[in-house]
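J.: So that we are looking at the same thing, I have put the structure below in structure tokens.
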């Protein structure tokens with residue numbers, strides 16, 4: 001569905017630089033604490049305030065950085081990530097960190113001395129691994145910004161390192177392709193214990209309304225795993241009136257406004273749902289919303305729908321399911337009492353490979369009325 005734009009490429013690199021330093025204040029609600037360290041950091045680390053204080057020249061990019069952090073599952077409260085960002089623009093280092101599989105932050109991430117370097121080799125996951133010649137400019141520009149900022153900080157960092165015995169410094173963590181890691185490939189493999197329980201989530205549009213539900217796909221729109229996402233719409237082209245079509249919360253939880261077109265709601269049990277291609281977002285970060293609460297409209301202009309990059313052919317919402325910050329394969333999960341089967345590849349609408357089951361009856365892609373969570 002979406003490809004990372006050239007601007008997004010540069011901003012993904014800047015993300016690693018921009019989140020340097022800082023200890024996040026721990027003020028998470030009981031619900032968020034139960035959902036894991038990743039979500040605590042998502043709410044507690046204020047990117048906008050951090051950039052205003054520590055990197056004012058990057059402050060104008062705070063929304064894009066939040067978007068890409070939410071899009072890719074990158075933790076925000078990291079340190080020593082500037083070096084990783086510069087290394088990421090070289091082919092040799094990109095081969096080291098190219099793995100699509102990350103490991104979710106563990107409880108040790110709560111200790112600031114360690115949590116700030118956890119992303120040292122991972123802040124580049126949003127960077128495309130296949131680059132064309134035309135992509136060199138944004139990558140080199142981002143690298144230049146990283147190097148300039150590193151020179152500015154070099155003296156102070158060197159002094160700090162001299163005060164820390166070498167044996168106590170955290171090692172640079174490198175993830176080889178196909179091994180371990182912090183990401184989508186860790187979630188939803190056969191034998192997984194966690195499946196979104198029946199009754200937790202409803203369709204992300206108002207109860208009683210009928211929206212078109214398309215085939216399952218990955219968050220990027222290509223490949224077949226994890227197919228975490230569904231596109232839903234009421235129809236209409238660019239410029240159509242979408243003000244009466246409301247995207248609604250799939251379940252109660254804490255609201256995160258990543259950008260003007262992208263939001264996330266953190267639910268119980270480590271689950272969260274994301275909503276992209278939006279306009280008129282109704283809530284700010286930290287708000288508590290109930291299931292079925294209207295949160296936004298599908299964007300009716302391509303510029304707004306793609307406020308942080310990607311592709312879209314018309315007004316719709318791109319809905320995704322996450323578990324502990326990683327996109328989660330929908331096969332076997334429940335939505336409004338329907339059990340989802342998704343065994344093909346992205347956007348496959350063949351009814352033998354993508355269908356929803358309820359009360360013993362299978363239903364293909366098409367229009368669905370939202371009955372609520374069951």
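Backbone N, Cα and C atoms are what each Cβ position is placed from, and that goes for glycine too.
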J.: Please find, within the list 128-187, 188-247, 248-307, the residue stretch that Swiss-Prot describes as region 'Disordered'.
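T.: Residues 128-187 are the ones Swiss-Prot records as region 'Disordered'.
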J.: Compile a sequence-ordered list of residues in the same chain as residue 316 (Zn(2+) binding site), six or more apart from it, whose Cβ lies below 8 A from its Cβ; state 'none' when nothing qualifies.
T.: 231, 232, 233, 277, 298
J.: Please report how many Å separate the Cα atom of residue 351 (disulfide bond) from that of residue 318 (Zn(2+) binding site), as a whole number.
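T.: Residue 351 (disulfide bond) and residue 318 (Zn(2+) binding site) have their Cα atoms 21 Å apart.
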J.: What's the CA-CA gap between residue 364 (disulfide bond) and residue 318 (Zn(2+) binding site) in angstrom, rounded?
T.: 19
J.: Taking 10 A as the limit, how many CB atoms besides its own sit near the CB of residue 364 (disulfide bond)?
T.: 13
